[in-house]
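Residues annotated as domain 'MTTase N-terminal' in TrEMBL: 8-128. The [4Fe-4S] cluster 1 binding site annotation in TrEMBL covers Cys17, Cys53, Cys91. The domain 'Radical SAM core' annotation in TrEMBL covers 162-394. Here TrEMBL flags Cys176, Cys180, Cys183 as [4Fe-4S] cluster 2 binding site. Look at TrEMBL and you will find 397-459 tagged as domain 'TRAM'.
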Amino acid sequence: MSSPNSTKGLHVITWGCQMNVYDSARMTDVLAPLGYRPVESPDAADMVILNTCHIRDRAAEKVFSELGRLRLVKRERADQGRDTVIAVAGCVAQAEGEEITRRAPYVDIVLGPQTYHRLPEMVARAARAGGKVIETDFPAEQKFDFLPEAITAQAVPGASAAAPGLTAFLTVQEGCDKFCSFCVVPYTRGAESSRPVASVLAEARHLVARGAREITLLGQNVNAYHGTGPDGSDWSLARLAHALAEIDGLWRIRYTTSHPRDMDDDLIAAHRDLPQLMPFLHLPVQSGSDRMLSAMNRGHTADAYRRLVDRLRAARPDLALSSDFIVGHPGETEADFEATLQLVRDIGFAQAFSFKYSPRPGTPAAGAPLRVAESVADQRLQALQALLREQQAAFNADCVGRRAEVLFTGPGRHPGQIAGRTPWLQPIHVEGGESLIGARALVDIRAAATNSVSGALIGGARIAPSQTSEVDCLQPALEDHRA
Ligand code: SAH
Ligand code: SF4
Ligand code: F3S
């Protein structure tokens, strides 16, 4: 193995939610003092980390097929006299633990999401002992108290290589106590816990000083945030958002993912009072049937969700909504599914993610009777996705004629174009010079496609309608990170 001070290659592969994107950057930071620097390919890497997701069956399978490929890389490098440390992090690591090294004995380190601050010590142990290191406990200390300042730019979906730090994620809360019937997160991420206010504000100021203009606060249930404030009192997410809004140079604040049950009056009011809080909210509902919501242990009814959306829209009339849906949960009947379609029609979503139920070992729903046939679940998923696509296109079309402030994040698809995000998280293309990247400007939205819009800078050139269909594929890339 190379000497401790020489530069070593580090290759991190990330699946799952935005929190994994954030964590991957933090693991890179914690390994930097050991000489590890990011490299593009596993062939050039002295260490490969797979940051994994366990949310659905397919997500977990991808990990083992990637491991199969890495085994060959490790063997080839060994033939050339080079070591490769393979580490499996994230939610599959937490859920499977030793099972991973049993199935893939060439894995050196298995580490759960709460142990990343101990990674340097694990690397040293793996090198010394040449054996396996498995750390999947939930330590008493908070990893954020031990991780260094964020230095690695995160691979934030939608952000451009031209301005990597312009939009940033910031984890403020982790874990979940809700125990929805279908979900592994409470088991893989542990109990809900919030970072102290001072630590969040310090990181936000640091990100802004490094060029961030938009910060998305992250948490598995981010609106359950209750961090200890400098005075020792409990701060809500709304109070935290107010404090963040005072940071000079921070133009935009977003947060994800919220639970309907934790949407309190103060947070709703913040959408009215804080111009920095963007008018876009991802608020998963999963189903529109009360019977299913109860079976899923979601703790609210479909009408309670409708009322909540009414209150949010009263506070911020242009609020765009996004959601998550599961079809085919055990016991779901045609009438239940119809109630989901009805809820979608009633609310009108700007975008949404929908999934076929995937049984997860150890969760209550996995052992429930009345499994829905695959073919039925497939049909329901198709019908729901068709409706959601229609709504997304309708929302985009509805934006035509609006004037919106756009944050420009990178070059467009065509020469002379630049790309950015509207307040409603839509990708937007306009004609303009690259000097605008990193800036914000008012744009007239002139045309819409299914996944994006286009427009013209006020007083600027107009985009020909023929170009609008070509920006279609620049759709919000969140899904890329949601397995
Ligand atoms: N904390 C978030 C959800 C995180 S998981 C919340 O409560 O909304 C992201 C999404 O994955 C969930 O909203 C759900 O729609 C989906 N999901 C979770 N477990 C699933 C499973 N077993 N099968 C299919 N989809 C699932
Ligand atoms: Fe999973 Fe439910 Fe917790 Fe969301 S609220 S992370 S779906 S258990
Ligand atoms: Fe874990 Fe996020 Fe996936 S919490 S299971 S990586 S969606």
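The backbone N, Cα and C atoms fix where each Cβ goes, glycine too.
Taken as a whole, the domain 'TRAM' (397-459) shows an average pLDDT of 93 in this prediction. Mapped onto three states, the DSSP output places Cys91 ([4Fe-4S] cluster 1 binding site) in helix. Counting only same-chain residues at least 6 apart in sequence, those with a Cβ under 8 Å from the Cβ of Cys183 ([4Fe-4S] cluster 2 binding site) are Ile55, Cys176, Arg360, Thr363. Comparing Cys17 ([4Fe-4S] cluster 1 binding site) with Cys180 ([4Fe-4S] cluster 2 binding site), their Cα atoms are 17 Å apart once rounded. Same-chain neighbours of the [4Fe-4S] cluster 2 site beyond Cys176, Cys180, Cys183, judged by a C-beta within 8 angstroms of the site's C-beta center, are, in sequence order, Lys178, Phe179, Phe182, Val184, Val185, Pro186, Gln220. The Cβ neighbour count for Cys17 ([4Fe-4S] cluster 1 binding site), using a 10 Å radius over every protein chain in view, is 23. Sequence-distant neighbours of Cys180 ([4Fe-4S] cluster 2 binding site) (same chain, 6+ apart, CB under 8 A from its CB) are Gln286, Met296, Asn297, Arg298.
Taking a Cβ cut-off of under 6 Å from any atom of ligand 3, the binding-site residues Cys17, Cys53, Cys176, Cys183 reduce to Cys17, Cys53.
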